[in-house]
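Feature annotations, reproduced from TrEMBL:
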{"type": "BINDING", "residues": "Glu33, Asn37, Asp79, Met84, Ser99, Gly100, Thr171, Arg375", "note": "ATP binding site"}
{"type": "COMPBIAS", "residues": "239-257", "note": "compositional bias 'Acidic residues'"}
{"type": "COMPBIAS", "residues": "460-479", "note": "compositional bias 'Basic and acidic residues'"}
{"type": "REGION", "residues": "239-279", "note": "region 'Disordered'"}
{"type": "REGION", "residues": "460-489", "note": "region 'Disordered'"}
Amino acid sequence: MMNEHGSLSINSENIFPIIKKWLYSDHDIFFREIISNGSDAITKLKKLELMGEVSLPEDNKYKIEVIVNPEEKTLKFIDNGIGMTADEVKEYINQIAFSGATDFLNKYKDKANEEQIIGHFGLGFYSAFMVAGKVTIDTLSWQEGADSVHWESEGGTEFAMEPGDREERGTEITLFLNEDSYEFSNEYRAKEVIEKYCSFMPVEIFFKNANAKEEPQEDLEEDLDKEESGDDIIDAAVDEDGNVTEGDGAEETEDGVQEEKKPKGPQPINNTTPLWTKHPNDVTEEEYKEFYRNVFHDYKEPLFWIHLNMDYPFNLKGILYFPKLNTEYDTLEGTIKLYSNQVFIADNIKEVIPEFLMLLKGAIDCPDLPLNVSRSALQNDGFVKKISEYISKKVADKLSGMYKVERESYEKFWDDISPFIKFGCLKDDKFREKMKEYIIFKNLEGKYVTLPEYVKAAKGETSEEKAEETKAEETKVEENASSDEASEKKEEKKDIVYYVTNEQQQSQYINLFKQEGIDALILTHNIDQPFITQLEQSEDSYKFQRIDADITDSFQEDGHSEEALKEETDELTELFRKTLNKEKLEVKVLKLKNEKVSSMITLSEESRRMQDMMKMYNMYGMDPNMFGSSETLVLNANNKLVQYIFEQKDSQYVPLFCSQLYDLALLSHKPLEADAMTNFISRSNEIMEILAK
Ligand SMILES: Nc1ncnc2c1ncn2[C@@H]1O[C@H](COP(=O)(O)OP(=O)(O)OP(=O)(O)O)[C@@H](O)[C@H]1O
């Protein structure tokens, strides 16, 4: 080969400043690009070997070496793959890569600042110039009689090519780092980056620090002695698939205790066979857990996992773990690592992975993904959408399968997985469709029921008479008023589902419900409110009502009529309004079966939801009553104290009773505000003082 100098075939004046600017956000990515080129070169040679095109020595072991030299500020990447002939260097390095880069530049020139380019693939080799002022390639092709080639470039459009002196098949790429990138020749920094991108690369990667001191001679001699004396020193070799082939990795000491063996000699820093590449039947539970610990550094055990394994119509493998969650929705945060052919691309690419799945932890490897495009292009890609749908379908299948076959486990995990499932239902209609029959709720007895189960039990438990009452309670709902027939009102019967949002706060109501054998569901999570609103809209046959929204007929004495209590209602309304100085207070007098209950507050479901919403959107200062009625004070005509107030309206103690009853009712409905609390405490003391007299 003649010495050759030339200009790289490229239209752009100087590509490198542009590459630098674009790829700046993740400067370290050149590690991934160069190492995966080496891995590709090895994969190609493996293929040739399989096809019988090339015969390699028995002891051939494919590998990639990364050597940092902190003193010289260089990095070397050496692979024993196919290598390149001079013609190939010309074609692939001098022309093709640049034309690829030019295409890339043209396509994303104007967008680069706004959009993140996800893969950077296609610029591969040239990403070296992000960190290096000079790059050299020394390569020897696998082909018989090939000459080795030395190529170098200092980052302009100029390069030099000449015969090289590499004697082994493969390619050695040397980066002479720029001053601002010296950090990458630091052993720990380099390892950190390689671990990030190449932990699961399919070829073994060996790491070396060229300046590191050699292993002390004594140790070496000790090892040699052992070997000579036939002692069983560690001889576990790792085969191509990463399996230990010799020895079992453990050794028995004199007293028979098994000791963990450490494999001898340099070890690869990556795992070439990540768990997702294996068949689920070949993986043990412990292996899944260990992988989870290693990859996500989460020492809480995952609840369970889903192993995705698909070859058709696209290639997708991965493992999704359901982590043990913290109770508060706000702190849920997962990580889904995306790989392409075992090369790490990025975390949490929301264009590929359904948003709600980001609450999980997992790894997904999908070599078919188009990665050298911008994120917005990914978002609109039909193929990517299919992948995303597939993943979410698989998750729904796993969950529904669990419900059908292992309902006990499903219930055990429910509290942890329900925020995730509910979030999924809110975000993804298809997921909701698939999951809707498998949503369960904890009831007052702590059992888990589906909505149909809840409704069935509610109907079944009541006597025929009660069933009549329940019907009477079923609300009249106006049809959605968006159509032309908006004025046409239709009566619909809905099943009322009672629920509790705070078991302590609402204990008074819970007791009443329990006494009457009426069940309610516990919905304490932040996500429950939007979730039930969606359920009411999508299912149309349920109406959720918080346990303190109304006093249903079931709690009242049979056969009483509100008319009969009109006098009491009118008089007590006036009295309470006056005493409490609340002109608009609604008072209702009812005959409750439980005569111990004196007073309660009810707040219609609609008004409460409106108030909650106002709180959520920080609409303080607005009068919640403008959206409907406010609380109603319910007084029990069967209660002795209420009767006393009614009969002894002029007693000096009546104002005290009225205030106290009102506060007690409020207390079991919601926390008292500061002033009200202060008044309540001092009044309680006052009452005790009176009693003590
Ligand atoms: N270590 C290597 N051994 C053999 N050939 C190599 C090596 N590195 C690069 N090449 C050749 O140079 C070409 C250009 O490499 P470059 O990384 O720029 O792009 P690419 O690898 O083709 O694209 P991508 O980075 O998207 O995979 C490769 O396709 C390959 O033919």
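Just so it is clear, glycine is given a Cβ too, placed from its N, Cα and C backbone atoms.
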Just how many other Cβ atoms lie inside 10 Å of the Cβ on Asp79 (ATP binding site)?
27
When you measure from the Cβ of Met84 (ATP binding site), which residues in the chain that are at least 6 apart have a Cβ under 8 Å away?
Tyr92, Ile93, Ile137, Thr139, Ser141, Val149, Thr171
Three-state secondary structure, Asp79 (ATP binding site) (per DSSP):
strand
Applying a 10 Å Cβ distance cut-off over all chains shown, what neighbour count does Glu33 (ATP binding site) have?
23
Of Asn37, Thr171, the binding-site residues given in the record, which has the fewest other CB atoms within 10 A of its CB?
Asn37
Where does Thr171 (ATP binding site) sit in DSSP terms: helix, strand, or coil?
strand
For Met84 (ATP binding site): DSSP state (helix, strand, coil):
coil
